[in-house]
Amino acid sequence: MDGKRRPGPGPGVPPKRARGGLWDDDDAPRPSQFEEDLALMEEMEAEHRLQEQEEEELQSVLEGVADGQVPPSAIDPRWLRPTPPALDPQTEPLIFQQLEIDHYVGPAQPVPGGPPPSRGSVPVLRAFGVTDEGFSVCCHIHGFAPYFYTPAPPGFGPEHMGDLQRELNLAISRDSRGGRELTGPAVLAVELCSRESMFGYHGHGPSPFLRITVALPRLVAPARRLLEQGIRVAGLGTPSFAPYEANVDFEIRFMVDTDIVGCNWLELPAGKYALRLKEKATQCQLEADVLWSDVVSHPPEGPWQRIAPLRVLSFDIECAGRKGIFPEPERDPVIQICSLGLRWGEPEPFLRLALTLRPCAPILGAKVQSYEKEEDLLQAWSTFIRIMDPDVITGYNIQNFDLPYLISRAQTLKVQTFPFLGRVAGLCSNIRDSSFQSKQTGRRDTKVVSMVGRVQMDMLQVLLREYKLRSYTLNAVSFHFLGEQKEDVQHSIITDLQNGNDQTRRRLAVYCLKDAYLPLRLLERLMVLVNAVEMARVTGVPLSYLLSRGQQVKVVSQLLRQAMHEGLLMPVVKSEGGEDYTGATVIEPLKGYYDVPIATLDFSSLYPSIMMAHNLCYTTLLRPGTAQKLGLTEDQFIRTPTGDEFVKTSVRKGLLPQILENLLSARKRAKAELAKETDPLRRQVLDGRQLALKVSANSVYGFTGAQVGKLPCLEISQSVTGFGRQMIEKTKQLVESKYTVENGYSTSAKVVYGDTDSVMCRFGVSSVAEAMALGREAADWVSGHFPSPIRLEFEKVYFPYLLISKKRYAGLLFSSRPDAHDRMDCKGLEAVRRDNCPLVANLVTASLRRLLIDRDPEGAVAHAQDVISDLLCNRIDISQLVITKELTRAASDYAGKQAHVELAERMRKRDPGSAPSLGDRVPYVIISAAKGVAAYMKSEDPLFVLEHSLPIDTQYYLEQQLAKPLLRIFEPILGEGRAEAVLLRGDHTRCKTVLTGKVGGLLAFAKRRNCCIGCRTVLSHQGAVCEFCQPRESELYQKEVSHLNALEERFSRLWTQCQRCQGSLHEDVICTSRDCPIFYMRKKVRKDLEDQEQLLRRFGPPGPEAW
């Protein structure tokens, strides 16, 4: 019998879906693709070094580094920011792009042109940013105080203002929550002004309002509460005051009043600011104090659209955990921290640093620094952060793991100077728990690490919020967006690598560097930073709000800005979940398979267009009976399909229509500039801007419909959807009435489906070109029947088209060229859904390709039958059977038992550290169990299934996963009854392989008996064959040896595939990436090899005649 072969490449090896997947003739060890990239980065960086500046910059930074923290030899001059020249505040302005605006309460500072500083504490706004030259800036903005409004009660005059201020001050000082630690008056001023509420059209114009200015932002809430309860005013009793704009954040209030938007450029004019040269409060290179009214805000247009050379740092850590236990900061050490730094606008990282515990072999293209003590390692990284001074910090899951782990570990080891990771001197970074919940994402429990002055952009959180994927592991998203795989090492194996030698620690460092490099690649590829900067500019909110807050603050900011120009105020509404409203219209689909072109007509920006066309806004809403009371004529207001009334633009133009007009016209300008622009960086900015403008316009409608929100208005949201339903129905009627045989067309048109903002029309023509021409003609003709700016546009043609049901269809999409389809488009089908196993998506996609592209229904049916046969005979790889579902809430909060929830609970009992947590996607497969056992009890971890050889419930996958999707596709073609008979019954379903597991059930009590390999007869001895098959023993032996050889060859191919991916052909494969099908295949073949070798041993040792 042959011995086990050495793993090596074989002929016909399929390339792995990774970089470096080609086979070489020799298997000599060579660097991985990532290591070659690192070396190339080093060469590119060497070309840009400025040798004459290095010594000067190095000396300046060493003066600020505490003795013993980082040796001078360990600091690379390239880490440092350029040294700013001397700046004269009297003659030179300070111009910088602000990235973050927050506030603190502290002692007042003297500023040029400002009043003498008061003795008590005052709120100071703080803007962090970067200049064009790359210098870091912190600007302290003084003199701005928080305020809010309230309507003046009847009879209130100037003589009552002093009395109200005294009474409110007294009430706040007595208040248990508001009056603590007050050193001066809480209310600074009460002023009379003329304003108008934005909610509803009243017809009487502005009315008296009180503007109440308080000393500190935290005093707004108690002042509002006490005013709502009632404050005594001499001669007026104890009236109650309704608050307006009392729920606006202090930073938003300041930015609205000064016309500052997120991430725009600010200018401190010469002579108007003071530089702090000594006693600086931050670690920024330039620190200034200025009066709030002297700050100049540049709109992000033209040259002010540029983005400063921001410093982006991506990092990853590795910990040495104990076997079977996820690392815990109280017990398990941090063994490596790898960092990559990028200057925005440059092609490659300028900084590649690996900090390791214990010696590590050199890595070409990266700087390696080793430490014997973990405390020194942690302190070195903390000092490195302060030296490198990043503006943006990114990574993968740094928010919930890396940063909290580092801070907790430093506390455990009592590294007192570690947690100063922000830009404010002496301010520790701390950890707090946070929870976010929405209808779209469910509940997510996260941690928040404060790092004042630096923007945290965790790529995992970005992807969870912006993209719907089957898996969110770094490996899965890297393949999905970058087409790259990475080695994925289990936390228990990391400890073995650390305890090895300097070469194994080098392998771990390369792995850690790549884990830091990939988030940086994702940040660039998905334009995350550029898009976030442009969204902050468009909506006017600080960058951090986009990453940590919901959608509503973006619309509130725009609403406040527009309202301020018109003297309107936003009321504080106590929102409670109210009544729901009818959504968009869906025209009943005419189901079937269409072998003729189907033209799709789409309303451009439907909901924003409706709001602009019909002037739907808070400011134009008429309460029931108001139109008659104000004497409005029929041509001065409209009645919507839902019965609500709004005044027309001739009476008052609404705020929301004005905001939408500005957004959409700005988008049109951005797209026009984008078409002409050639500079790649500027193209990125413009593309991000037009996308931000589009998203912002579409979110305005959602803001009005949010039942629990800042300013919900059911009348607006239900009127918008009411008009939408009416327009879809009218479009159907217009198309079907014009394009008829009676009007001279070859056939009469029919609308086969309509959904929200689009209709699908069958014009009866046979060619795509004719359908396109008629679609464009129909879109122009129908648009003329609707008020501007509502416009119906021709979008695409489907040919052929498979219409299955509401929101479920597929077809070949033609949008520009009639002679070549763009792609196969699927909506609502399992080909694009992520709540089924990959087998479903792959089979549905393959079937659709055969039906729509190849036009081969028989081939599609045959392929589906083959896959079903393979499934029932256990020939499908387990990676194709993995189902993933998100854990959105605790087990007790689910109404019924869920498979992924129950599995998460079982995994938590096995290993609490590595069990899924809220917000994670849980992978599982369904295993066989006794008849009648519920599906949620049969869910199991795929790796656990492989390790314990548990049998898969193939019948479940056929009936619960494959059956319905396949019938939906094939019934329109084969007919309802025939589709089921052909696909789910027949010869291909009669042959089944039933496997038995090694553990559980009756097998725990059963005694195993050997069977004859030839005829399966139960044997009474330990041999391989029975007496009847003895003459065929040699033949049977050769057959099993051949099977073993085939398994060894398959294992060899898979093993070498994985070696290629990890970048070494002479090291063991330790990757355990559950998102890679090769991993499951390799585990399965290894198990099959062990079983086959055990079977061959039953034949006994070869006799002398074999030699």
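Quick reminder: no glycine exception, Cβ is built from N, Cα and C everywhere.
Residue annotated by Swiss-Prot as SUMO2 cross-link (from the set Lys414, Lys574, Lys710): Lys574. Swiss-Prot lists zinc finger at one of the ranges 598-615, 760-777, 1012-1029, namely 1012-1029. Note on Arg19, Arg505, Arg990: Swiss-Prot annotates omega-N-methylarginine at Arg19; no matching annotation appears for the rest, which is not proof of its absence.
Of all the binding-site residues listed (Cys1012, Cys1015, Cys1029), Cys1015 has the fewest other CB atoms within 10 A of its CB. The local packing around Cys1026 (Zn(2+) binding site), expressed as other Cβ atoms within 10 Å of its Cβ over all shown chains, amounts to 18.
Restricting the average to the motif 'CysB motif' (1058-1076) gives a pLDDT of 74.
Neighbouring residues of the recorded Zn(2+) site, listed in sequence order and excluding Cys1012, Cys1015, Cys1026, Cys1029, comprise Cys1011, Ile1013, Gly1014, Arg1016, Thr1017, Leu1019, Val1025, Glu1027, Phe1028 (Cβ within 8 Å of the Cβ centroid). Note: the motif 'CysB motif' (1058-1076) comprises 5 helix, 1 strand, 13 coil (DSSP; helix = H, G, I, strand = E, B).
Its Cβ taken as reference, Lys574 (SUMO2 cross-link) is surrounded by 4 other Cβ atoms within 10 Å in the chains shown.
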